[in-house]
Protein chains: 2
Amino acid sequence: MILRDYHLTLRDVSDQQPEYLETVFSLANGHFGVRANDPISGNPITGTLINGFYETAPITYGEGGVGYAQKHQTILNLPDLRHLNVATNTGHRFSESTRTAVDLDLTTGTLDEQYELKTHQGETIQMAVKSVIGQNQTSFWGASYSFVAGNYAGGLLVSKAIAVPAQAEAIPSADPRKTRMAGLPVCETAFINQRLQRYHVKTRTTKQAVTAFLGMLTPNAKLLQQPLDLGDRQAHTLEYEAYVGEVGEQNTIDPAAQFMISSLSALIADSRDFWQGVWHRSEVTVGGNDELNLAIHYNIFQLNQAAGRDGRTNIAAKGLSGSGYEGHYFWDTEMYMLPYFTYTNQPMARQLLYYRYQTLPKARERAREMGVTKGALFAWRTINGEEASAYFPAGTAQYHIDADIAYAVGKYYEITRDLDFILQCGFEMVLETARFWENFGAWHQIGASSRFEFHTVTGPDEYTALVNNNYYTNRLAKHNFELIGYLANEIRQRYPNKLADFGIGPADLEKFQKLADHVYLPYSADLQINEQDDSFLSKPRWPADKSTPENFPLLLHYHPLTIYRYQVAKQADTLLADYLFPEDLSVDQLKREYDYYEGVTTHDSSLSRSIFSILAARMGDPEKAYKYFMDTARMDLVNLQKNTADGLHLANLGGSWLALVAGFSGFYVQDEVVHFANHLPKEISRLTYRMKIAASVLEIDLSADKTFVSVISGPIPTYGVSVNGDLISLAKSSSYEE
Amino acid sequence: MILRDYHLTLRDVSDQQPEYLETVFSLANGHFGVRANDPISGNPITGTLINGFYETAPITYGEGGVGYAQKHQTILNLPDLRHLNVATNTGHRFSESTRTAVDLDLTTGTLDEQYELKTHQGETIQMAVKSVIGQNQTSFWGASYSFVAGNYAGGLLVSKAIAVPAQAEAIPSADPRKTRMAGLPVCETAFINQRLQRYHVKTRTTKQAVTAFLGMLTPNAKLLQQPLDLGDRQAHTLEYEAYVGEVGEQNTIDPAAQFMISSLSALIADSRDFWQGVWHRSEVTVGGNDELNLAIHYNIFQLNQAAGRDGRTNIAAKGLSGSGYEGHYFWDTEMYMLPYFTYTNQPMARQLLYYRYQTLPKARERAREMGVTKGALFAWRTINGEEASAYFPAGTAQYHIDADIAYAVGKYYEITRDLDFILQCGFEMVLETARFWENFGAWHQIGASSRFEFHTVTGPDEYTALVNNNYYTNRLAKHNFELIGYLANEIRQRYPNKLADFGIGPADLEKFQKLADHVYLPYSADLQINEQDDSFLSKPRWPADKSTPENFPLLLHYHPLTIYRYQVAKQADTLLADYLFPEDLSVDQLKREYDYYEGVTTHDSSLSRSIFSILAARMGDPEKAYKYFMDTARMDLVNLQKNTADGLHLANLGGSWLALVAGFSGFYVQDEVVHFANHLPKEISRLTYRMKIAASVLEIDLSADKTFVSVISGPIPTYGVSVNGDLISLAKSSSYEE
């Protein structure tokens with residue numbers, strides 16, 4: 001395994017603003033994240049985000065209504081673990097700092113930084129910081145700080161303590177993509193001894209608690225009592241480690257028992273071990289473009305950092321790299337990020353789906369609140385499973401999240417054959433979402449025929465709201481109905497009497513099949529394309545005089561009513577359904593749809609370009625696919641959306657992986673066959689990547705005229721593999737050459 | 001003129017709750033209103049509402065957006081003028097009171113009340129209160145309090161002062177129909193002398209000020225110094241008068257100059273004089289049903305009390321009878337209340353339209369905010385002309401308010417020929433609204449033909465939101481386009497070069513005519529009815545299992561998304577357009593539409609039943625018309641909507657007048673002809689009413705087999721009069737007999 005282009009440095013990112021760098025170089029492990037705050041001049045009271053650790057606050061509506069989401073859920077932005085106070089022994093504080101070099105090693109998860117520190121009096125020293133977060137031991141983070149003399153070479157006083165704000169910062173903002181005010185948790189901090197500080201934080205509203213410890217590892221008592229002496233021109237190093245407890249109702253761990261002082265090198269080894277596993281299963285190499293190669297490695301790295309691994313947490317829209325979108329989980333998980341895990345790390349995919357399962361009781365309640373008598377409606381945005389969207393037209397109205405989750409369960413099962421999961425969680429989710437669609441939709445009689453419709457919904461495109469028969473929603477709901485029949489059949493084959501436990505019988509399955517057969521899919525006979533919804537195509541196009549660059553993203557410049565009345569899409573909508581169901585339409589129709597919808601799409605959503613890339617590849621336009629891919633692959637590294645400071649665009653990170661895998665290599669799974677097709681653009685001389693499907697790690701190797709698929713580890717797969725339309729047989733390390 | 005059934009008493013109202021009685025027996029004069037608080041046990045710190053006197057507060061959105069309404073505007077609920085402290089000379093306070101009788105005289109505007117007062121010690125006395133509000137001198141209110149002994153016949157101490165709350169009451173509520181928190185104005189109060197108190201209130205946010213004075217009229221110094229002696233078993237009377245200044249930026253009137261102590265009898269004379277004028281112009285007598293007769297008198301009385309007369313204020317949804325809907329003005333004025341004034345009191349109609357005119361600059365700004373480059377968009381709900389709707393799908397999206405205002409201007413001009421008003425205000429309003437529609441709408445090419453459409457709008461029916469081509473909206477916009485041509489022609493005939501002043505020429509007028517000709521009006525060929533909008537008819541009907549009485553009004557029991565996805569209407573929508581444009585459709589089509597839409601309308605809005613009554617009358621179903629009319633006529637007297645305590649339903653008061661006049665007597669004006677048609681139901685043996693059209697007062701007298709129209713005062717009208725389809729000629733006091 002050759003590991004190149006696995007180092008992200010300051011030269012690789014377009015922006016050098018501190019808030020931007022904090023996001024881009026953040027470390028995380030699914031449990032918590034540490035933004036790369038400047039340890040000297042950064043804000044000491046924010047920078048640590050714990051997955052699923054949040055406060056609630058009542059949502060205030062200018063004019064409220066029945067069934068509106070009641071509470072904001074806001075991830076807490078907790079004090080920075082990296083912060084450090086450094087002063088000369090004459091009391092001059094090093095208050096200014098310049099980050100002169102950074103190296104994030106994606107193979108080990110180690111972050112190396114160089115700073116130049118300066119006092120008001122002009123004294124300078126150099127500081128090197130090496131930090132790492134535990135990946136198997138996910139409660140740990142550690143850092144070493146090394147100092148060498150600059151123009152100052154005297155005694156140095158270093159102290160480190162978790163700063164506790166008087167009260168949590170309130171950040172009101174008119175930009176809905178940013179986070180809103182944080183809650184006001186109760187914080188306590190105390191030094192257990194000179195080397196060890198305890199920090200206890202307890203939320204006021206959600207009754208969660210976390211205990212953290214920050215301790216000095218270097219077991220040299222002398223260091224605690226007298227200044228470092230830089231006069232010898234040697235590097236003087238101090239090591240610290242932090243333990244961040246799990247989220248619980250009462251988290252009051254005994255430090256002696258729990259806070260095991262180890263060493264930074266042990267933590268680095270732990271992290272390296274984890275990342276080796278990741279790269280073994282999912283290494284991607286893009287030949288011919290080092291920049292791109294690095295970008296895709298970075299994206300995979302951050303996807304792995306962000307994903308909650310404990311079944312109680314999920315992947316926030318910004319991961320653990322920032323508090324944008326309040327740390328909420330959206331449909332992005334299932335449709336943009338989960339595929340990476342489903343095809344490289346099935347146990348993680350299972351955990352992410354399990355998170356949804358444990359919110360199912362709340363989803364059932366929500367369906368009742370929304371006037372639907374059976375089934376479950378998952379929250380559009382949430383941490384705890386309750387709906388937290390304060391703007392229902394682009395929140396709760398995106399009912400498609402139900403079918404998205406069902407789709408993801410189906411995809412997971414398709415490749416894992418994990419019937420245990422289906423019996424324990426998956427079937428219930430697919431059944432309850434199918435029941436929701438059944439009771440939410442309505443039969444519409446037109447002449448002699450009748451069709452099943454869904455009214456007043458919002459599809460993925462948030463620039464078009466409250467419409468009837470959104471193609472994407474209807475297509476996914478149709479799949480939801482079909483999936484319940486498929487899974488029921490899988491269960492029945494193994495456990496003939498099991499279905500009764502779920503309260504369904506043959507009549508129910510017939511009913512779902514009938515619904516699936518009759519779900520209405522709007523189609524324009526005129527344009528010979530699928531219609532985004534019943535009225536989309538009849539609206540006027542977004543006017544030219546509102547199309548100059550400063551008008552974008554539209555949501556920051558126009559009232560929703562203004563946007564909604566035009567035929568303009570924020571992102572892939574009907575095309576997203578086309579991507580998911582390649583069998584639905586001919587390449588000719590796909591081309592027509594693509595041309596049409598591309599003309600009305602602004603890509604104001606970071607979820608858009610990856611899908612346009614995939615479909616361009618599929619329809620034989622690799623140059624266009626490459627263009628879109630380049631924007632997705634490097635979106636955060638070039639700060640394309642100009643808000644990376646609030647956190648990474650996780651869905652797009654997943655999307656960029658999809659663009660490579662589902663786009664350039666034509667990957668999809670259907671009917672137990674794994675398909676590949678070579679759609680490489682001329683700019684990419686070679687694409688090699690790995691997947692783990694079932695117990696086998698596959699390596700796919702594409703170049704202009706060759707497509708190899710080989711088994712790197714694990715058994716020979718039992719599923720079929722198709723390359724460019726031909727079924728091939730895989731032997732261990734065998735390959736197929738076009 | 002015979003005046004019967006002009007007295008409203010406690011026996012005439014269904015509810016005896018204090019808050020309800022406060023509303024129903026409130027007195028007002030367009031400038032301010034005095035709720036009928038119990039003077040002894042009522043809340044002393046609220047009860048006085050001054051038209052257009054309000055505070056603002058930032059609107060907080062759970063998730064805000066560009067162009068959202070920024071500020072709540074909330075009418076102030078100011079201290080009660082009626083409150084009184086009464087105690088025995090031994091210091092026992094009369095703290096309990098029972099309202100034993102009330103008589104509101106609708107011919108004089110005098111309110112007579114009887115109370116029994118009681119101390120904690122069980123001492124009782126009787127108190128009579130007579131109060132009246134100045135109708136020509138609109139700054140005045142006065143009351144006399146008369147006391148006679150009960151089981152207590154000793155000395156009585158009476159004091160009266162305006163109570164100033166520590167801070168204004170905050171009333172958060174989940175019911176959007178109620179008012180929200182009031183602002184916190186600055187109040188000062190001081191006694192100028194023993195008989196005269198000054199009360200000064202200055203708003204914090206809007207920089208308005210009002211100075212009020214409350215003084216004792218009885219010029220007997222002895223009364224101020226010693227107790228009343230009830231021992232003589234005579235009535236002892238104290239008279240008070242209040243002066244409520246105009247709303248201004250600085251309202252610091254010198255009391256000596258401004259507060260003219262008059263007498264209660266002079267105030268009663270002033271009020272009587274006003275009401276005589278009202279009844280002369282607009283008396284209505286419904287034969288055969290005293291209850292109904294009283295109800296319609298009451299409704300007309302309250303309409304006149306509520307309407308702002310100064311051109312700077314309008315008619316709040318609850319008038320000045322309560323603070324519901326925050327004292328905001330809606331489209332209700334133009335479509336439900338203004339017709340009464342247009343046809344009985346043209347100077348008042350002009351003032352109400354002038355109010356809109358002075359908000360035109362803000363309406364222009366609002367159009368820009370909503371992405372429309374020309375024209376003006378009037379605020380959906382407002383006091384000061386700025387949009388104050390915090391829920392845009394049922395607020396700003398009701399763009400039809402623009403066309404409603406234009407329609408009202410047209411109706412005013414049609415009957416007054418007041419070209420001065422058109423030149424000064426009216427034409428500009430109609431032009432700016434037409435320009436709005438032009439730039440808001442869009443051409444839609446279908447095959448060879450093209451039509452002009454309006455997308456993502458909400459019609460009058462608030463249970464159906466953000467739809468395309470709402471019939472009502474489109475029909476009114478079409479009229480708006482036609483009206484500009486009509487008015488331009490009227491101007492050109494008198495002032496051939498005047499149009500250039502408005503920046504329009506023949507090409508513009510041609511363009512507007514073309515738009516009028518092409519506005520799309522959705523029609524179902526299948527059902528042969530006009531369609532409420534492009535998708536209404538294709539949605540499922542509201543389900544039976546959600547239709548039991550406790551589920552209504554739906555808005556208090558279901559999430560908007562749940563309501564919106566069904567084919568269910570809160571109120572008349574397409575039928576409202578049918579009512580406005582009788583020439584649009586045959587009686588057969590009207591019947592089909594009526595039957596259809598009646599089946600899907602809940603009448604959860606108080607604006608619904610009057611229109612259903614009018615159309616039932618028009619289509620020859622007087623019994624149904626009568627049934628709906630009875631609900632509208634007595635809506636507040638029977639507390640039908642169960643929220644009269646928050647204020648009267650002013651639009652419905654106007655609607656009940658329309659139901660009589662436009663319904664049972666088939667009144668409408670078209671092409672300078674005033675039409676009447678006899679649609680009396682059998683329950684009404686005779687209907688007589690007056691109108692003032694141009695300078696003439698007409699009396700219309702309908703009974704089962706006769707229809708008379710006569711000129712009561714003023715010249716013989718120059719416009720045509722048609723009865724039951726035949727043009728008649730009117731001589732003074734002449735009549736037409738069927």
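Cβ coordinates come from backbone N, Cα and C, glycine included.
According to TrEMBL, the domain 'Glycoside hydrolase family 65 N-terminal' annotation covers B:16-211.
The domain 'Glycoside hydrolase family 65 central catalytic' feature in TrEMBL is assigned to B:298-657.
Within the same chain, the residues at least 6 positions away from B:Asp332 (substrate binding site) whose Cβ sits under 8 Å from its Cβ are B:Ile315, B:Ala317, B:Leu607, B:Leu650, B:Ala651, B:Gly654, listed in sequence order. For B:Trp331, B:Asp332, B:Lys570, B:Gln571, the entry in TrEMBL reads substrate binding site.
Annotated active site, proton donor per TrEMBL: B:Glu462, in sequence order. Note on B:Glu462 (active site, proton donor): other Cβ atoms within 10 Å of its Cβ, all shown chains, come to 24. Annotation note: B:Glu462 (active site, proton donor) sits in a coil segment as assigned by DSSP.
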Overall pLDDT of the domain 'Glycoside hydrolase family 65 N-terminal' (B:16-211), taken as the mean: 90
Three-state secondary structure, which DSSP defines for B:Gln571 (substrate binding site): coil
Span of B:Trp331, B:Asp332, B:Lys570, B:Gln571 around substrate - largest C-alpha separation, Å: 16
Cβ atoms near B:Trp331 (substrate binding site) (within 10 Å, other residues, all chains): 21
Rounded to the nearest Å - Cα separation of B:Trp331 (substrate binding site) and B:Glu462 (active site, proton donor): 13
Conformational class of B:Asp332 (substrate binding site) under the three-state DSSP mapping: helix
Packing count at B:Lys570 (substrate binding site) (other Cβ atoms within 10 Å of its Cβ): 22
Pairwise CA distance, B:Glu462 (active site, proton donor) versus B:Lys570 (substrate binding site), rounded so that it is a whole Å: 6
Extra residues within 8 Å (Cβ to Cβ centroid of B:Trp331, B:Asp332, B:Lys570, B:Gln571), substrate: B:Phe330, B:Met335, B:Tyr336, B:Pro460, B:Glu462, B:Ser605, B:Leu607, B:Ser608, B:Ala651
